[in-house]
Amino acid sequence: MVQERRQTLCRTSDGPPAPNLDGHGLWGLALSGGGIRSAIFCFGLIKALAGQRLLNRFDVLSTVSGGGYIGSALGRLFDAAKPADGTPGHGQTAAHIERQLGQADATWFGHWLRANGRYLFPQSANGVVYALVIYLRNLLAIHVEIGVLGLLVGAVLAVLNLSVWTLGLEHVSNWDTWMGHRTAWPTLWLLLPALALPVGTYACAYWSVGERPGPAWRRLRWFHTAIWVGVMAASALLGWLDDAGRWPAWFAPVGLGAGAMWVSGHLLALRTVAAHQSADVPPHAWAEAVRRDLTVPLERLGQWGVALFTLGLLDRVAWYLVFEGGSVTLFSTVLALLAMAARAGIPRWTSGDGTTSLAGRSVSLVTLAHWLGLGLLGMLCIVWVCAAYALVIRYTALMTGTSLDVAASLGAACALALTCLAYMAGTGWSVDFLNLSSLHGFYRSRLVRAFLGAANPQRLPATPASSVLQRTPAGQPITTVVRQDAPGDDVLMTDYAPHRAGGPVHLLNICANQTLDQANGLLNQDRQGQGLTLAPHGHIRLGLRGWQRPPRAMPETLGLWMAVSGAALAPGLGSMTRTGISVLTMIAGLRLGYWWDCRDETPTTARSWRERLGRLNPLRKTRLVTQEMLGKFDTRPDSYWYLSDGGHFENTGAYALLAERARLIVVADCGADPTYAFADLENLVRKARIDMGVKITFMRPTHNAPASVLGGLDDLASPESQACISVAHIAYATGEEGVMVVVKPNMYQGLPVDLANFKRDNPDFPQQTTTDQSFDEAQWESYFVLGQALGQSLGHGQLLEHLGGVQAQTHLRSHFEPDTTVRATDTPPAAGATATGRTPARTAMHPVVSASLGLGAVATASLGLWQGLDTLRTDRDKADELQRSTLQQLVDGYASGQRNATQLGATAARLIGLVTQPADGGCDEASTAWFRRSSLGQCVLQDTLQRCSDTPASNTLLCKMLLSPDVLSCLRAGPGATAQGGRLRYWGVQEEAPSGDWDECGSSNSSTAAAVAATRPTAAPGAATRASPATEATTQVCAGVVIHSQVFNPLQRERLRTYRDLWKQAGALVPPPVNVLAESLRSGQPRPEAPQAVTLIYHDDTAKQCAQAIQASMLPSAWTASASVQALPSHLSAMPRTLEIRWPATLP
């Protein structure tokens, strides 16, 4: 293509022939990345080169990211001027374009670019709203895909949990014996011990391989195996014969497992040795191969272990949030706030050069962002698992009115999983969804109309193709409103050929992210991407491989590749790709990357059955979504490649020119570099030396005038120097030599006054952040003029002619020397210097305060988040304290022993206050939910309602208010409260909650209690004859005493109702019994031993008298003698008028 271009330049239709360039070396112009900042600076540079008739000397134009904006516009100018019928072009066309570009700022082309400085939001508020709508639409779409994945994970976890719990609940005592307090562990963690068997097997196999194994070694291993088999058999036999129970229960299975690992390990080692042993290979060589093969599976087992541990933890947290008192709403709110804070910080964190201090250590912002992203991924997964649990377990419980319907929940979980899989399979073919749901389309459209539209003559009145380069009338700016793409803006990459009109061969540089395929070893592990270069006619080159046609027809356009080359923010970031950062960008919807289908179009019949089956994968879209979210990409042939900003591999664009062994390379180094650390040049020099054996040595002028713009790299960074251009010597591995000229945007003396003032008002100019993609007129003009000024410096003294000519190396050695010394930046200027800095002294007298969105903004957002969470925690603590104090006041009223109208009215007033306390006139469901779940509270309410109904006090206003339907519905735990209000604990254990049965706490003289009591025994065996005469005496001592029962057998609840009724008749307050087994499982504590006899533990003297009365007259006669009355241990907190009764595991 270079040869074709040179022939075009030499071909004339009339007039003098153009100079023959066949004997000249290759000249390349590299326009680096840097967003619109780079595009406008490079536009000024191109104008200056064209004005000095140097632009057409460059054979190749290599662009990256922002440099590709203006590079594509330039290429489109030449491409539009090529002969339409395919006939050869001629040099006059290229010469005309070059002349017009020399005054580009006064042409329609320049005016169009200037008018689109705010190319992302060209219509201010309307543009922002339009972009916001697109962003939210695409964000919602990708979160639907993530949500389907999360619901599928939740449904699978629910199926696994319910299946295992069904076995566990049927043998709960066995689970408790085997696992103890570990039954609160996540179900998935039960699989972790199962991983110990293969891990131990491979470990035993590894250690059984000797350095020089031979036939004797094999016989010895078989002998050891036989011995261990005998030991295992003997252990099993002894364990079976040991009826005395002298060995722990775990001894036999652990011993058998250890023996099995040892035996299996030796057998595995023998099999692996047989597969590697060869007579031609030394024993130590294949022994190393055997040990390597026995180590690799341990990595996979370790990954499975980490996955099981993580999923189990997420499962357990999700269950807690849904069923055990957590707040899914609060958790989701925290997730949303953290995601918003991360959204603001991602551009700064992914810049690659930021650090912060953490625990006294300097930590990279990339590392922090990675771990933050992993945390948000876990939180997001928890939220969706919570949603799945709410759908398949809580909703099913509400529908069936039970605490846990295993069969119904299993069916719902399976249905949910099948629905998710059906959606994935049904939409798995629409891989285009990934690109359509990203911001690539919006970004491409804006770039095409702003930059390629500048070269489209169809946007102007019908005139020749070069009309966009005609001068505009003075004072007449463009008035066209850029609202949509126009025909002729874009062109297919296969038809794109600017060199056919004499323009430079345009190379677009892109990064093909590569984190899965480790074919390149450690090299790719650091880079995590390869350079992908696209040339006209659709030619591509991956890395340093040869040029080739794409494996399939390329429907992509120049505008598409221009946008991909500038996709700076994406889940794939080349060397900075981290799983956490990929998650952050995915969750935030900041996806500018592009999935490129690189599958070839070989007929299906020519493929293997495995390849054909892989192409029929119905879950392809889901797989790619998962890969993008986790940052897992590859560049294997016949697959999908994830492409992003070329700067993620190499940002200057010179890498592709070095691969072509250019004699002269001019680099516009416009990447954001506020400290002038030259990170992009450092990356270029390193990659060129490693990949191509190219050595780049920077030089400095031997006779450098104080005001010269030429200097070494230190001069370019010094605030006292005027240098903005540096020269380097290139030594190719083939022995050829070349020269690199680096143009670094910086200020120097002699620039127009408006640039000096703009620098005063914007101290970070000309290295402003790349996140600023909206340039106003002053900003646009400042970068354009600076690029033009430095471009004009390249033509002074025929600098490029000398450095790119045949005698380039002679000129280089006579005027430059290696820049091997490091000069202090505060070195005073040489004698006779006329400038003391890069900017006039007057600009330093006006300090300004500037702000940028970075770590400070994120820290402020994080501080606000922390303060909000602290406020929520404080409010929750206050609410808990208010609930405790309210309940204590209600109970204290009964503990006082007063049962008169005054006490009744006070209790009714407190109950009514629960309803009207938050806001008068309505029921606050949230603030009274705790009362509906409280057993004591429900008992107080029941007793008060009964007394209001049965006594003259019912005529009082307070009782009437309490008996009103609105108040009752707000305070009472109605039917189904167990399924709604009770807490369903992990492993399917239901925490006690009010059942809504009024007889549970109320007086036995109510009609409901009478009806229920009629179906039960009227007295306990052996206690009926003594209960009646003692009731009146017991009432006097037990009135107002709170009696708590602790049972060790769930079946005792029904059998204890009769005794609890007797206590209620005595005036005691009797909450439902506490299931000690369920409580131990819930709290994760070992189950306490059940007492051998009834134990009554009193908290004070009043409760002691009640305990003695109950022991004497209200216990089964068989246990009266063995029952004991004890005081509460002194180290425990006593409650007034409280009695605890602990029952044996069995009743007579």
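Using N, Cα and C of the backbone, Cβ positions are placed for all residues, glycine too.
Because TrEMBL annotations are produced automatically, they should be read as predictions rather than curated entries.
The range from 127-147, 148-168 that TrEMBL describes as transmembrane segment is residues 148-168. Annotated range for transmembrane segment in TrEMBL, selecting from 31-54, 247-270: 247-270. Residue ranges 460-479, 820-839, 1080-1099 are listed, and TrEMBL annotates 820-839 among them as region 'Disordered'. Broken down by DSSP into helix, strand and coil, the domain 'PNPLA' (29-79) contains 34 helix, 8 strand, 9 coil.
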